[in-house]
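Record features, source TrEMBL:
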type     : residues : note
TRANSMEM : 12-32    : transmembrane segment
TRANSMEM : 44-64    : transmembrane segment
TRANSMEM : 100-121  : transmembrane segment
TRANSMEM : 133-153  : transmembrane segment
TRANSMEM : 165-188  : transmembrane segment
TRANSMEM : 219-241  : transmembrane segment
TRANSMEM : 256-273  : transmembrane segment
TRANSMEM : 285-302  : transmembrane segment
REGION   : 321-340  : region 'Disordered'
Amino acid sequence: WDLVCSSQGLKPLSQSIFMSGILVGSFIWGLLSYRFGRKPMLSWCCLQLAVAGTSTIFAPTFVIYCGLRFVAAFGMAGIFLSSLTLMVEWTMTSRRAVTMTVVGCAFSAGQAALGGLAFALRDWRTLQLAASVPFFAISLISCFSLLISYYGLIFDLQSLGRDIFLLQALFGAVDFLGRATTALLLSFLGRRTIQAGSQAMAGLAILANMLVPQDLQTLRVVFAVLGKGCFGISLTCFTIYKAELFPTPVRMTADGILHTVGRLGAMMGPLILMSRQALPLLPPLLYGVISIASSLVVLFFLPETQGLPLPDTIQDLESQKSTAAQGNRQEAVTVESTSL
């Protein structure tokens, strides 16, 4: 579509349109899934993503392409919400961290394979078709194909230089290792500590990368990969943590609101990148500071939910808070008695 020169700014615009589809879908599917059930909405979203994703390769104009990507993203939001909520609700408390870690690793495996697939196919239409067709053959989510469809056209690795195919595979491999260790970390440190710590480390990696000169590409890649791994841990922990913070009657609605707010930030991300031509340091500065600030909010304002069952009512949630507070007081007394 000749997106060069004066039309070059349309590239990040298409990414924001994709994210806006997930934003709108997160809100709508959150309400529909609570009203009609998780499983029917999951099946419909898989079909919608398959049809819209496959139709994208036949788009004759950039406007139609963006419209189809919006529809595909709209369905993808429902897959995220319904599948993750179902897995959390179907899993026992003692196995929840391991289950969601495996799901996160499946996403990372798909991302790692994306580099090789994109290198082999080269043409974006063929790549889009390869990512969309599998959804016709499945009734449940295929995390591998979902991640290929998601990352295929929205990640821009060119700013790091070198081989973008190798970087994509490297990001996926490191992300896989980070997610694979999440279950072990959660069993020792708890949800709140891991969520806050991983976000803070990711923000620090972004800020550190901002200070590295452009000619030190290897060091820049190291910081970028470190930040990507920390975000992988954070996202895996988040899928568990958010489900444990809300009682069953409002869990799906709250999940939809959280995804809506999150996708609003994702939609703004590519738009912030447009400012780097005038202010090169502004995008990484904003990304790093926001990540660190959010980690402080998690650390000081959210409760710890490790080892607690999913709350079914508001009363259950209040009881858990009271139990946790009593446990903290008892721990303080024990420490004080031991010191004496």
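Glycine residues also receive a Cβ, built from the backbone N, Cα and C atoms like all the rest.
Counting Cβ pairs under 8 Å to the transmembrane segment (100-121), the stretch among 12-32, 44-64, 165-188, 256-273, 285-302 with the most such contacts is 165-188. The stretches the transmembrane segment (256-273) and the transmembrane segment (12-32) meet in space: the count of Cβ pairs below 8 angstroms, excluding pairs fewer than 6 apart in sequence, reaches at least three.
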